[in-house]
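Have a look at the structure below, then the notes.
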Amino acid sequence: SGVAKFAKYPLTFGPSPISNLNRLSQHLGSKVNVYAKREDCNSGLAFGGNKLRKLEYIVPDIVEGDYTHLVSIGGRQSNQTRMVAALAAKLGKKCVLIQEDWVPIPEAEKDVYNRVGNIELSRIMGADVRVIEDGFDIGMRKSFANALQELEDAGHKPYPIPAGCSEHKYGGLGFVGFADEVINQEVELGIKFDKIVVCCVTGSTTAGILAGMAQYGRQDDVIAIDASFTSEKTKEQTLRIANNTAKLIGVEHEFKDFTLDTRFAYPCYGVPNEGTIEAIRTCAEQEGVLTDPVYEGKSMQGLIALIKEDYFKPGANVLYVHLGGAPALSAYSSFFPTKTA
């Protein structure tokens, strides 16, 4: 694979496992065979998740440059910032996290939302958590630049890790490795996955998978489900990162488009719709697999809808990419009242 030439610092247990979600498949009429690639349990660092795979290719740069602080940014319940806090602890670096107000949470619930879930874990791991009132944007942020400047002015050497690692030059490399794993695991399992379904917001996960699968001429197997609700921006950023990553790994393919299903991101980033809640419950009740209301709940909602619509050919093997995110669930407790037995 073209990613082999890049330095990598191991943060995961190795290739993430693939589970057969056979009860979910049966529940949906046995039309297709659903499998999940479990990025949600890929590491012993603070519950793991997809960002660690990206960070593995960024750490060599951090270690080499002798940086003092890791600085990252996300919403209040960002998984990215939790992972950067864990990484900082692992590397013995200080950590500053900018947690912006990306999600319109009702005032009555804001206090809980700002204290539990991912943000709580980051605080436990010793990060300097800065809660800022700016709204959602997948691009580069003023608050982020300010934090970096402040640390530099104080004589420190901060390392910037942008939202979702996406604007980092190596942000897409981790999921090239993911694509290589899928190809190897197909051989081990004796099956071929017809389609790969993945959540998309800041773009580098999907971009890495696209570039990685393009090594095997299978980039069209990827179906991304938008959870940003700013899908044009997400598509543009994903294509840019995919093309940049393809160049890095020596793949002669120019991405001009990819499948991005935009039907499930409403009402906005970070707020589940009724279908999202239903999908989270369905997956949990059928499989004991937990998905979150921000990312995976929406991609699971998309997967279930596509199966019900007969989007996939009968008997298809569909690989759902579980990117993590469950630590945010406690911040959304009001969406999940007790069901009577």
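FYI, residue positions are counted from 1 along the chain as it appears here.
Keep in mind that glycine also has a Cβ here, set from the backbone N, Cα and C atoms.
Pulled from Swiss-Prot:
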- Ser1: N-acetylserine (MOD_RES)
- Lys51: N6-(pyridoxal phosphate)lysine (MOD_RES)
- Ser78: active site, nucleophile (ACT_SITE)
(message) Rounded to a whole angstrom, what is the C-alpha distance between the residue listed as 'active site, nucleophile' and the residue listed as 'N-acetylserine'?
(response) 31
(request) Would you mind checking how many other C-beta atoms are within 10 angstroms of the C-beta on the residue listed as 'active site, nucleophile'? (result) 28
(request) Write out the long-range same-chain contacts of Ser1 (N-acetylserine), meaning residues 6 or more apart in sequence whose Cβ is under 8 Å from its Cβ. (result) Val176, Gly177, Asp180, Gly212, Gln215, Ile249
(message) For a quick check of packing: other C-beta atoms within 10 Å of the C-beta of Lys51 (N6-(pyridoxal phosphate)lysine), how many?
(response) 31
(request) According to DSSP, folded down to helix, strand and coil, what is the residue listed as 'N6-(pyridoxal phosphate)lysine'? (result) helix
